[in-house]
Ligand SMILES: [Cu+2]
């Protein structure tokens, strides 16, 4: 469906050509990941998590160091891929640690710089319906699962595989560290889960990575083609990408929103905290000092990034073996925030869970008259079951290289474990006693 802002209907977005190979995604071939693909029996239409998780909807992967990630997935005609019941079990944890109840895209807002077109690529195009069929070469070493797209047939479009991420750690335990001269080093691996959806001429790669060290990362990669109807950018609003000064591709933004419903230690109840550090210049010949303060976020919040500011979602139901409450820190990637709409003005939102609040703008599913964007839901209610919304923007000023196909541009964030385990979950046996003040 097409949804407009205000009275103006955006120009209808039309289908582009065939799927493009996403060769930029391909890394070195690595070991097989995930269970064998099986034809799913049915896919739920509703955004709610499926009650159960049969083999066809399960993703499980053990990585380096013995870390196992487990999750369920389902598919939604708006958001596309939705991951549910995500848990993390590093070596040494007796059972999986529940992390997220659900995680997914919540909008891709695309306003063009001249103010004539403004799209919501999740709820305003057929993004979910246009899941792309993946070629085997796009999922090296992995498994392509078949997705039953409601009203769209069976599409082999969900890749689960693993990918190397380089060093997990390195320590030369030499004399200076009181050690043996042994070098401890390990190469890390990620479980990678992704789909490609088409929204008009663009193709969006929705990628989730689950690392052996407990980090979760999601990125959206925009590729495909520039909109052929937006080559009329005026001065200061476009960039010539054909010969001479013709064909000024109009600049625009991609504001990508994610919705994260944490379920740390199996409980929807969680606390949110904001941290800010203040640097004081030196007095005379001294050195600068820095002081960090913690602000409990007890009411709904629209948060703005700032140097030395960060947020975490803290478990109320579980602690690690050091007695510290488990938490995940939100680590936004590079972002060019677009202040054009109240819902795009902030980098993170924490709202009290409401089932019908599913999309950051042009929300679907709430009763008539219910406010329809995340900024309106962040209105000061007490927060004890927080839903986290992350907004990462990219101002796309086209360049000659964008033809053709357009190189993938990534935008996203990470969730870093903070005190989920008492030590580095990948600590080698030799160093397992080094927790707290080291022996000297
Ligand atoms: Cu773009």
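Glycine residues also receive a Cβ, built from the backbone N, Cα and C atoms like all the rest.
TrEMBL entries are annotated by machine, without manual review.
TrEMBL lists 1-38 with the feature signal peptide.
Summed and averaged per residue, pLDDT over the domain 'Copper amine oxidase catalytic' (67-425) gives 96. Residues or ranges marked as domain 'Copper amine oxidase catalytic' by TrEMBL: 67-425.
Around the Cβ of residue 121 (active site, proton acceptor), the same chain contributes 107, 108, 109, 110, 127, 199, 200, 202, 204, each under 8 angstroms and 6 or more positions distant in sequence. Residues or ranges marked as active site, proton acceptor in TrEMBL: 121.
The number of other Cβ atoms within 10 Å of the Cβ belonging to residue 202 (active site, schiff-base intermediate with substrate), over all protein chains shown, comes to 24. A strand conformation is recorded for residue 202 (active site, schiff-base intermediate with substrate) in the three-state DSSP classification. Look at TrEMBL and you will find 202 tagged as active site, schiff-base intermediate with substrate.
Marked as 2',4',5'-topaquinone by TrEMBL: 202.
Note on the region 'Disordered' (273-295): residues 301, 303, 306, 308-312, 314, 327 of its chain, located 6 or more positions outside it, place their CB under 8 angstroms from a CB of the stretch. Among the features that TrEMBL reports, region 'Disordered' is placed at 273-295 (among others).
The compositional bias 'Polar residues' feature in TrEMBL is assigned to 275-287.
Per TrEMBL, region 'Disordered' is recorded for 321-342 (among others). Helix, strand and coil counts from DSSP across the region 'Disordered' (321-342) read 1 helix, 8 strand, 13 coil.
As a summary of secondary structure, the region 'Disordered' (273-295) carries 0 helix, 15 strand, 8 coil according to DSSP.
According to its DSSP assignment, residue 121 (active site, proton acceptor) is coil.
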